[in-house]
Amino acid sequence: MTNTLLRYWALCYVELGCMIPSSGAEHTYFLAAFGHLPAFLFAWVSIIILKPAMLAIICLSFSKYLVEAFSAECEPPLMAIQLLGALTIGALSYAELGTLIAESGGEYAYYLQGFSPRAVCRTWWAPIPAFLYAWVSVFLLKPSSLAIICLTCAEYLIRIFYVWLPVCVTPSIAVKLFAAGIIIMITFINSYSVNLATRVQNVFTAAKLLAILIIVVGGIVKLAQGNTAHLSRGFEGSTTNPGNIATAFYSGLWAYDGWNNLNYVTEELKKPYTNLPRAIIIGLPLVTVCYLLVNVSYLAVMSIDELLASETVAVYFGDQLLGNAGQVIMIIAVVMSTFGAANGSCFTSARLCFVAAREGHMVDLLSYVHNKKLTPSPALLFNAAIALIMVIPSDIGSLIDFFSFTAWIFYGGAMTALLVMRYTMPDAPRPYKVPIIVPVVVLLISIYLVVGPIIDSPQIEYLYATLFIVAGLFFYFPFVYLKKALPGMGHMTTFFQLLLEVVPTDVMPDA
């Protein structure tokens, strides 16, 4: 069910990406659909909170996974993982969005096109949705994502030194320092060369698939030996509480997050109208099958209780199969997997920041590129700086919930943009189009995922997230709508332009 939902969602992003072929994902779409204010707010929240939080969550998960391999204190969000596949239907809607608006920026581009004066009417509020999305993504969603991934990678990387030692807890400060080093390394790679970043992504993706293959083969061997007793207990302890289900979906959907990353770099894709839908339609089912096979393999080796007792299930799995050697193999596999995920997160996050700045929703400096390498160095460094701040708090669970609550507000907004453009742009070319019921269903589920946890178990973090989104308005009106600038901003831009050797894209015909 979850898989089907996310598939539709991604297809809508395909339409947005193809219709608005500009980098920036949600920021670009918000700018096109709603105008400057929504796009700015999205960039604000994404750069400061969402993206750094995402990285922090992944890195913390990775770190915890490694450390807890030697302890019996863990409650993995198994229910969320099992339910996760249903939301793949949303990816189908994103496929339509990506082909309709072949511009980079993801949701930002769709908001921009669907609600901006270009698509609706010339009103002061039209750019607000796109700006708000850029605000949230640039300052919150994207950096948080990067921070989570790097924390996870760091903890596994450190834990490999303790495989043969009776150490149960990795020093928190060491994990954070390693995570910071990973963020800096990935930022350097992406700043140095787009081709290098792409090659790194390909290598680590191949390593991730190899690790999955090892787990699946090990599981098949155990199943062939008759270890099937635990498979029938997969849904024991399930709950029907609406709030708990929504929260479980947060963790489950986090595992699939990244399915809309191509929408952020639509302008850099070859044949986006063909490759964007193809990547989403093929990629999501492939990932779903891999996840299902991995979980079946886990249950062929360990019981539900053992699985719940370890936050580093893959390491425990490797230990059961091959002892210490298996632990080392799984640790290396997770390190490579999370490093690749962090590289992809860094790559797309910078594009969103770049597009938002290009549309005037962020400072101009963030839209500059290196005069020789053509990489968005200022945007990359800005995203890394916020991610480094988000590494400081290392509570992965809270980061995931905070990230998911905010992200699903804007995922629902992207579906609204798609529905609006069905009305305002009925004759626009749509290489891929989903039935109208698909974005409607995804929108309703987005509302449920946002409202459900608030009603069932309200937390102060949800209020903070809402206030952060609204806070973007205090920056939109003076700096975007009225086009004011802070004193000394021109001198600061010139300083960093000389320091980083970056220039505006409009003076580089080959950029």
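Please read every residue number as a count from 1 along the shown chain.
Backbone N, Cα and C define each Cβ position, glycine as well.
Features reported for this protein in TrEMBL:
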- 6-25: transmembrane segment (TRANSMEM)
- 37-63: transmembrane segment (TRANSMEM)
- 83-102: transmembrane segment (TRANSMEM)
- 177-197: transmembrane segment (TRANSMEM)
- 203-224: transmembrane segment (TRANSMEM)
- 279-301: transmembrane segment (TRANSMEM)
- 321-342: transmembrane segment (TRANSMEM)
- 379-396: transmembrane segment (TRANSMEM)
- 402-420: transmembrane segment (TRANSMEM)
- 432-450: transmembrane segment (TRANSMEM)
- 462-482: transmembrane segment (TRANSMEM)
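In this chain, the transmembrane segment (321-342) lies apart from the transmembrane segment (462-482): fewer than three C-beta pairs between them fall below 8 angstroms, excluding pairs fewer than 6 positions apart. Within the same chain, the transmembrane segment (402-420) packs against the transmembrane segment (432-450): three or more Cβ pairs sit under 8 Å, each pair at least 6 residues apart. Put simply, of 177-197, 279-301, 379-396, 432-450, 462-482, the stretch with the most CB pairs closer than 8 A to the transmembrane segment (203-224) is 279-301.
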